[in-house]
Amino acid sequence: MSKSKQDILRLLKNDEYISGQSMADQLGISRTSVWKSIKALKAEGYQITSVPNKGHRLIAPPGYINQTALEVLVEHSEVFGHIEYLQTVDSTQNIAFKMLDTYDGAFIVVSEEQTKGRGRFNRNWASPKQRGLYISLVLRPNVPLTDIIRFNLFISLAISKSIDETFNLSSGIKWPNDIYINNKKVCGFLTEVVSEGNAVNAVVCGIGINIFNDAALSSLPRATSIEAEMAEGEGLDTDIFMKHLFRNLEHYYGLFLKHPFTAIRDEWKAKSIIFDKYLKISETGDSFMARALDIDEGGFLEVVDENGRLRRVISADIEL
Ligand code: BTN
């Protein structure tokens, strides 16, 4: 993309109307050049509204999700009965929790931006506007609390397969909740549960996927985006991704409800990136190096540490 189009995109990203004159002044170019670049950006698929006496405003980059298309997906979904589509929220997880009493079935919350996106271990999840997918799934499986680790295995496979099928990439699963491409994290998910004793009332599974390149992401070591990993010139269409994601989520969630982990074990292991490597495993208050051996029926990771001791890991932070 030419330098002037990039500069104009940067100014348009402020999400407010900006006049052609103001852009020309800030960039030291003529109004005609501004106008030409905006025309070219529109031709590339950027949704830009231009209003006389107000200026121009970027609505969405090409390939960003379309609310109507998502609503149609939910209409045809066998699992989800409602979608809440929002422009900006603190966290889709928070919205999903607030809505638990409003909808008794399964539903999905999607936002174009999060101001307080959160990850596992209360880490921040960078969620710049229209740069990624920020989704919370609310499901109500009739399963014991101990099945949630198994749930994560099925969901990780659904996400990883959707990425590969849509974008022609080869993603891998980093147990328990991350999806990597070329040794960099492109997606993480966070499964939070409302339970009574050992019974699950609701699962709120928040999925964050970095789609477009962004300064906030580039500053994170070992993070990447779909756009950064895709071959140049290949179209990036998040609507198609959402179609694959819905289909795979419905399929693997259905399997999760009826089958043990063995039903997907081979498929899952073929996508796992943690085997045959030394890993740094951090559990609360404990950190050690170990080699991953296997995943057991319940979804626990079996490792052998440096002293040759076999250990079962439940939900740790893992560094490759
Ligand atoms: C992680 O890798 O630690 C999990 C990241 C989960 C991020 C998603 S984005 C949608 C949902 N809302 C949040 O605040 N977090 C999850």
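Cβ coordinates are placed from backbone N, Cα and C, and glycine is handled just like the others.
The DNA-binding region feature in TrEMBL is assigned to 20-39. The domain 'BPL/LPL catalytic' annotation in TrEMBL covers 65-257. Residues or ranges marked as biotin binding site by TrEMBL: Gln114, Arg118, Gly119, Arg120, Lys185.
In this structure, Arg118, Gly119, Arg120 are the binding-site residues from Arg118, Gly119, Arg120, Lys185 whose C-beta falls under 6 Å of some atom of ligand 1. In the three-state DSSP reading, Arg120 (biotin binding site) counts as helix. The full span of the recorded biotin binding residues, Gln114, Arg118, Gly119, Arg120, Lys185, taken as their largest Cα to Cα distance, is 19 Å. Per-class residue totals from DSSP over the DNA-binding region (20-39), listed helix then strand then coil: 17 helix, 0 strand, 3 coil. Cβ neighbour count for Gly119 (biotin binding site): 16 (other Cβ atoms within 10 Å of its Cβ, all protein chains included). The candidate set comprises the binding-site residues Arg118, Arg120. Of these, Arg118 has the most other Cβ atoms within 10 Å.
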